[in-house]
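Trainee: Could you have a look at this structure, given as structure tokens, before my questions?
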Amino acid sequence: MVRYNPNEIEPRWQAYWDEHHTFATPEKVGKKKRYVLDMFPYPSGDGLHVGHPEGYTATDIVSRFARARGESVLHPMGFDAFGLPAEEHAIKTGEHPRVQTQRNIDNFTRQLKMLGFSYDWDRVLATTDEEYFRWTQWIFGVLYDTWFDHDQQKGRPISELPIPAEVTAEGELEIEQYRDSKRLAYLDDALVNWCPKLGTVLANEEVVDGKSEVGGHPVKRIPLRQWMLRITDYAERLLDGLDDLDWPTGIKKLQSDWIGRSTGGEVDFYLQRGAAGDDTGPFVAFKRARESEGFPTDPGKDCLRVYTTRPDTLFGATYMVVAPEHPLIDVLVKPEQKDEVDAYREKASFKSDRERTDGDRAKTGVFTGSYAINPADGRSIPIWVADYVLAGYGTGAIMAVPAHDERDFEFAVAFDLPVIPVVDPPADHKQREEILAGKACFAAEGVAINSGEYDGKTTAEVKAALTAELAKQGLACEAVNYKLRDWLFSRQRFWGEPFPVLHEIDSEGNATGVRRLVPDDQLPVTLPELADFKPHGRPEPPLAKADDDWLIVELDGKRYRRETNTMPQWAGSCWYYLRYIDPKNSDALIDPQKEKDWMPVDLYVGGAEHAVLHLLYSRFWHKVLFDRGHVTCPEPFGKLVNQGMILGEVEFTSFVDPSGKHVSTKDVKKDAEGNRVHKATGEQVEIVSLTEEQVVKKGEGFVLASDASIKVDSRAFKMSKSRGNVVNPDSVVRDYGADSLRLYEMFMGPLEATKPWAMNGVGGVRSFLDRVWRMIIDEPEDELKVSDAVVDTACDEEQLRVLHQTIRKVTEDNEAMSFNTAIAKMMEFTNHFTRCETRPREAMESFLILLAPYAPHMCEELWKHLGHNESISLQPWPKWDEAALVQSSIEIPVQINGKVKAKISLSPDAKPNEMGEAALADPAVQNAIGDKKVVKTIAVPGRMVNLVVK
């Protein structure tokens, strides 16, 4: 007996596709193109788990579907291969990161090919390939050579930057320093998350509870000279560009919130030189100077500048707060406060931004000993340092209005600071009396109180009037602010792209302050060979240990020292979609005509965890390349789809009391210490795991199979090695086949939904494929033979209708990426035709073309056995005939007094009176009525006829 054997079939067809380059991208793009892209994976040592293929299968279906419809398809794959895990492995084992990375890439490639994805493997790339990161370095050079013209709202060559006359008069070095201050890529002292153990700077997202996400090592905030990218110059365009993108609304909102545009005002608070109330005279002089000179770009050291979205609440500012890293800290802190402030700042340096801004944290802070003057009313207010204010947002200082800001209110309560309400809430507000008494916070808009001449005006009116008045005095100006910060772009690690930057040094080896790019013809700058990759434990990159042969460069008669930081992992993933289009071009980033033919990406699929940073950074780089004329479209990704997470299998747990008796989940609570106890007895209960055989479904939940009164807990968790619920696709493919895995992941539910893995579900899909096999292949034979039921005959009317309904449904569902419902329709088709004594070949062949994007290996095999030599992947997509969808007649039941007595055939368009007449004319109905009288006829078009007789 010859059965469906995927372990024999699948490797054979994978080899066929490789040998024949079945999925090679066409050199000449046709009338319609489809660029389908997966977010490429980091090649970890663990390989793929079953969550990875979900998105890959979806894009593979789209790609195969598009090819069948005659579209030119680009569907590539590659690897985001730089990264800290490989370097950590190298430090532990001494094995070069390149060796482990290539081993992991080979394993990923094996697994991806094992799953039958129709990638163009001739275009595969890795960000660690020297020929690839040569162009990553080249793009950095473009960023370095670009400044942002705010008038034109675009990036321009640095050579076109207007140089002020006073700078020109200072000389060439000053001119170069002025250019450096405007470049999109620049050096700056930045507060960074420094991890001594890892020996590198970490992004905020890589720090969890003050420790590194990788390894759990302590992280400290320190100032460090870093490469930065001026992404903030593009904030407005990054925000505006979201409007035209076919992206999930939630993802757009995440990006919008990350950019965080707000409007308000910048306000300067004059710093008192003495104790509170001592600076009336100097303050008056300061105000006179400001009235004549206006609001300066740089506030200097006489003021604390704040940004506020609520200038209307200035009269309610009762204290100020500066971030622990504020540049004026040393000016503000009085000698008697220094030790306390220093200790506080040191403690704050070990906290991440997330920790510091956690709303549930108790507020902490220290008084600096200094005061500032509120420009609205001339009051002296104290200046505190507190870690809930971040140096990177706004100006790093705030005016604290505890009556109308929740964080400020909590701080004021903690340190017994005054609360002055200046906005009257609506009369029907539940807490109005407490708010007006300074006992509660009100953050919304209202009517001004305790605000001098502005009393009685609305929030909007006070904002406009007070900002205008202070602007006239040179103490404020309207401002737009963004939460988005410039991108910290350098890392103190080995396994990353070297910067193509040279620092000039004098004869003593000291830096002169002059920098230049490595010439294009000397790219790529490759990594040096190092004896070890261990970090120093101090902020000095591993590349600084390189031999002088690599480190020191002579160029045009001058000596230079290479930049020893490396780029972050984000760098290579910012532009890989472009290189896929022209991966072997050694003369240019991309051929202009090919870029024009293929861009933008038509469909981009990946996890929502990349919603903010990767997508934002890619869009930023792309816009710079667009401004500089290297690409022709302003956005890289037209349509974005986020696949949902596949969780581990559902886990069942129950509780048992000390006697071992099961306790229902509804009868358990947590006590004050967090222990789970029986609600009635107070006895502590223990969690026990249950097998699937020990539970049964009841309503929306599960209960014990042995006692239906005991409700059990059922939930699925994210797959992780620590939980032991990771499912390896290798074992699934071995036991069920790749087609079963692909089909199951698409059948689990909507692509975007989060859903739990269930191995019995894979078995169910495998059973469906077995039925498809038996529908075409005669299994009882000793040799593989097409079933005698498959014949060269035309479909009957019903078969034709089922076929064309299936073609239409699968086509429309493929277009909508509703793959689960397409599969359900193909299951209906199979159920119908397996009941047919004859199965027309045209129906079987059309069905296989529909199923092929989902289960390509099996369909190739069946297609071959139906007598075809050419791959099913090259066959045109079937089209449905609207006429075939229409039934010429339908069969409906005829009831007499509610009981079915006969069935009649009639037109689906028959009207109620025609249905009644046809029913009465049927002999079986006449016989059932006998001598009784029909007193009422009820006809439901297309459904049934009911005759009421007496």
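For all residues, glycine too, the Cβ spot is worked out from N, Cα and C.
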Trainee: Which one of these stretches, 168-172, 248-252, 698-702, 718-722, shows up in Swiss-Prot as motif ''KMSKS' region'?
Mentor: 718-722
Trainee: Pick from 41-52, 257-268, 905-916: which range does Swiss-Prot record as motif ''HIGH' region'?
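Mentor: In Swiss-Prot, residues 41-52 carry the label motif ''HIGH' region'.
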Trainee: For the motif ''HIGH' region' (41-52), what's the mean pLDDT in this predicted model?
Mentor: 91
Trainee: By DSSP assignment, list the helix, strand and coil residue numbers for the motif ''KMSKS' region' (718-722), in that order.
Mentor: 0 helix, 0 strand, 5 coil
Trainee: Report, as numbers and ranges, which residues of the same chain sit near the motif ''KMSKS' region' (718-722): CB under 8 Å and 6 or more residues beyond its ends.
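Mentor: For the motif ''KMSKS' region' (718-722), the sequence-distant neighbours (Cβ-Cβ under 8 Å, at least 6 residues beyond its ends) are 46, 49-51, 645-648, 757.
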Trainee: Taking the Cβ of LYS721 (ATP binding site) as reference, which residues of that chain separated by at least 6 in sequence fall under 8 Å from it?
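Mentor: Expected: ASP46.
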